Amino acid sequence: MTVKTEAARDTLTYSRMRGMVAILIAFMKQRRMGLNDFIQKIANNSYACKHPEVQSILKISPPQEPELMNANPSPPPSPSQQINLGPSSNPHAKPSDFHFLKVIGKGSFGKVLLARHKAEEAFYAVKVLQKKAILKKKEEKHIMSERNVLLKNVKHPFLVGLHFSFQTADKLYFVLDYINGGELFYHLQRERCFLEPRARFYAAEIASALGYLHSLNIVYRDLKPENILLDSQGHIVLTDFGLCKENIEHNGTTSTFCGTPEYLAPEVLHKQPYDRTVDWWCLGAVLYEMLYGLPPFYSRNTAEMYDNILNKPLQLKPNITNSARHVLEGLLQKDRTKRLGAKDDFMEIKNHVFFSLINWEDLINKKITPPFNPNVSGPSDLRHFDPEFTEEPVPNSIGRSPDSLLLTASVKEAAEAFLGFSYAPPMDSFL
């Protein structure tokens, strides 16, 4: 006969309890996964989401701890922190709303993808940014500034429009107009330079866009061929507003050193205060590049190029008209107080003899036929995008939200840094 000691009985009891706990944990995990799948199916069903009982279930708040209920309540978030989705038929946008089809661009913090909205069947360019990468470089202010600028310029024909923005715990999503005529940079690389009428047309549309931004007290600061797109008809569309500076009035200045080396104005290199005329310098640099094939003071050696911008006189070859020479000399004036646009901003550019052939009212209404048609056959025509992007596989993580149970502390911290990012347009913007 086997006699069980007290220790043996305790070990047996502990083993049974541990086994029961393991079974219970496995059961709870399975139920939780099943419940999560069930809720996801409901959330993805637009008809179910409209049912009052379903809405009340999805809005249940977690119970508060008794000791917390009597604690001093936290102050309400400031207006800039509140998530304002607005009255919209799609107030809870999420990655699974889209089919992400192709990578069409890349940047420091993420990718731009061609996406088709599943319900609307509409095509968009979705800019997907990694929050942790943004925070690591302390660029969250620039990202929120880009969002704010996009909200302001949705009505202008030569500025890319933001349809809505949303976020997951680890990513930000800008849902933008899909523009597939190619970057101006791409077309310049292929053709080396443009004839003067074509360069004038593009410069006029760019100037119109910059003038509109200035009317909103926004300085663009990063004009370059890579940020200038052509739409399917051949009109200019300005994109990428990450370096925009808001609240710069007519005589206001700022001093942040930023931009792209080839297009930096002398006052920026000198680290002096600068104003809206920095954009007119950049317009001059882009116009020069369209006419001659390279930026005006270009050198492969960045230090030499900076010295050229600061000290080298502007050299113009004789193969352009006198009005083109005059406008380039005015825009690329090293002294910003004497630069074309210093007194009356866009009106000076608009009234310059170089643009005398432009009917500005027809231009803004897109009644002028562009000098070049990209001839795209439809949204799936990607011929004007760099194959380096379009041949890259679409990451699986782009189209799904991370499991909240698996979020790390750093991801949660990143999630909290972009309160107020999400945006949906008011209903009247769809009318």
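For all residues, glycine too, the Cβ spot is worked out from N, Cα and C.
According to Swiss-Prot, the ATP binding site annotation covers I104, G105, K106, G107, S108, F109, G110, K111, V112, K127, on the basis of sequence analysis. Taken from Swiss-Prot, the feature phosphoserine applies to S74, S78, S397, S401, S422. The annotation phosphothreonine is assigned in Swiss-Prot to T256, T369 on the grounds of similarity to another entry. The annotation region 'Necessary for localization to the mitochondria' is assigned in Swiss-Prot to 1-60 on the grounds of similarity to another entry. Annotation comment: Swiss-Prot describes 64-92 as region 'Disordered'.
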* Just how spread out is the ATP site if you go by the largest Cα to Cα distance in Å among I104, G105, K106, G107, S108, F109, G110, K111, V112, K127? -> 14
* About how far apart, in whole Å, are the alpha carbons (Cα) of I104 (ATP binding site) and T369 (phosphothreonine)? -> 27
* **Confidence summary for the region 'Necessary for localization to the mitochondria' (1-60), mean pLDDT rounded** => 51
* To do: Return the member of K106, G110, S397 nearest to T369 (phosphothreonine) in space, with distance defined Cα to Cα and candidates limited to these recorded positions.
  => K106
* **For V112 (ATP binding site): DSSP state (helix, strand, coil)** => strand
* **Under 8 Å by Cβ from V112 (ATP binding site), same chain, sequence gap 6 or more** => V103, I104, G105, K106, A125, V126, K127, V128
* Structure fact -> Densest Cβ environment (other Cβ within 10 Å) across the recorded positions S108, T369, S397 belongs to S397
* Structure fact -> Minimal Cβ count within 10 Å, across the binding-site residues I104, K106, G110, points to K106
* Structure fact -> If you measure between the CA atoms of G110 (ATP binding site) and S397 (phosphoserine) and round to the nearest Å, you get 12
* Structure fact -> Cα of S108 (ATP binding site) to Cα of S397 (phosphoserine), in Å and rounded, measures 18
